[in-house]
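Marked as active site, proton donor by Swiss-Prot: LYS95. Sequence annotations record features per position, and here Swiss-Prot assigns substrate binding site to ASP40, 62-64, 93-102, TYR228, ARG246 based on similarity to another entry.
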Amino acid sequence: MSSKSQLTYSARAQSHPNPLARKLFQVAEEKRSNVTVSADVTTTKELLDLADRLGPYIAVIKTHIDILSDFSQETIDGLNALAQKHNFLIFEDRKFIDIGNTVQKQYHNGTLRISEWAHIINCSILPGEGIVEALAQTAQATDFPYGSERGLLILAEMTSKGSLATGAYTSASVDIARKYPSFVLGFVSTRSLGEVESTEAPAQGEDFVVFTTGVNLSSKGDKLGQQYQTPQSAVGRGADFIISGRGIYAAADPVEAAKQYQQQGWEAYLARVGAQ
């Protein structure tokens with residue numbers, strides 16, 4: 001799989017075929033941040049407070065909206081308003097994993113109304129290509145009101161110990177992504193997938209975005225099998241955007257922590273593209 005990780009965000013924004021990826025890189029460049037904060041809190045008040053306090057220092061906020069005990073229209077309106085105020089994108093870490101007909105309803109209808117507020121979603125390809133096809137059909141339908149403002153990341157790898165998202169599964173993730181370049185932004189993975197073998201030929205201008213989870217400056221793991229890496233190691237391995245949860249929101253001072261991740265993530269990016 002081709003990789004453009006040695007290019008600057010601004011260069012990739014200018015040439016990228018996917019409009020949401022262009023916006024994502026533009027946000028990163030404007031804010032000098034490649035940080036995605038995983039806001040794994042359980043109330044709307046906590047979520048909106050974090051989004052407001054950390055918003056100036058992040059490119060993306062990642063939610064697990066189904067862990068909120070009080071999800072409502074207030075949650076949607078608040079997130080959308082803060083995304084506008086602080087110029088960040090919203091990534092709902094729903095990890096869709098079902099048959100196509102079901103995920104279409106989960107995405108565009110249902111209690112959580114994900115398509116209304118999440119710029120980015122993700123899925124596992126364990127159900128097969130149909131899950132990506134179904135989500136793409138929904139997002140690209142003529143009556144879908146959000147058009148090019150929505151995109152998908154394929155969960156190609158995970159950072160948990162013993163993960164089965166390896167080998168043939170990861171290769172299949174690349175194969176499927178190449179069939180839906182106008183909707184699939186890239187991958188959640190632990191590295192650039194440039195060396196992964198694929199049966200699908202790359203399209204001209206291919207430039208998949210890599211989000212890497214499990215970034216933490218103060219810990220190497222937890223008791224449940226999570227394995228962490230630093231911003232430097234993640235970006236060095238090909239991450240375009242680093243995802244940190246507890247390293248930021250559970251810090252004694254989340255704002256200062258966000259600033260630290262922003263600085264280290266950005267310095268690692270500059271080193272990668274040779275701008276330092």
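Count begins at 1; order follows the chain as displayed.
Each Cβ is built from the backbone N, Cα and C atoms, and glycine gets one as well.
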**Asked** Do you know which of the binding-site residues ASP40, ASP93 has the most other C-beta atoms within 10 angstroms of its C-beta?
**Response** ASP93
**Prompt:** In the structure shown, with every protein chain counted, which of the binding-site residues THR63, ASN101 has the densest set of Cβ atoms within 10 angstroms of its Cβ?
**Reply:** THR63
**Item:** Count of other CB atoms lying within 10 Å of the CB belonging to ILE99 (substrate binding site)
**Value:** 12
**Asked** According to DSSP, which of helix, strand or coil covers ASN101 (substrate binding site)?
**Response** helix
**Message:** Excluding near sequence neighbours, so keeping only residues 6 or more apart in the same chain, what lies with its CB under 8 A of LYS95 (active site, proton donor)?
**Reply:** ASN122, CYS123, SER124, LEU155
**Complete:** If you count the other CB atoms within 10 A of the CB of ILE97 (substrate binding site), including all protein chains displayed, you should get 15
**Prompt:** Under DSSP, is ASP93 (substrate binding site) helix, strand or coil?
**Reply:** strand
**Message:** Under a three-state reading of DSSP, tell me whether THR63 (substrate binding site) is helix, strand or coil.
**Reply:** strand
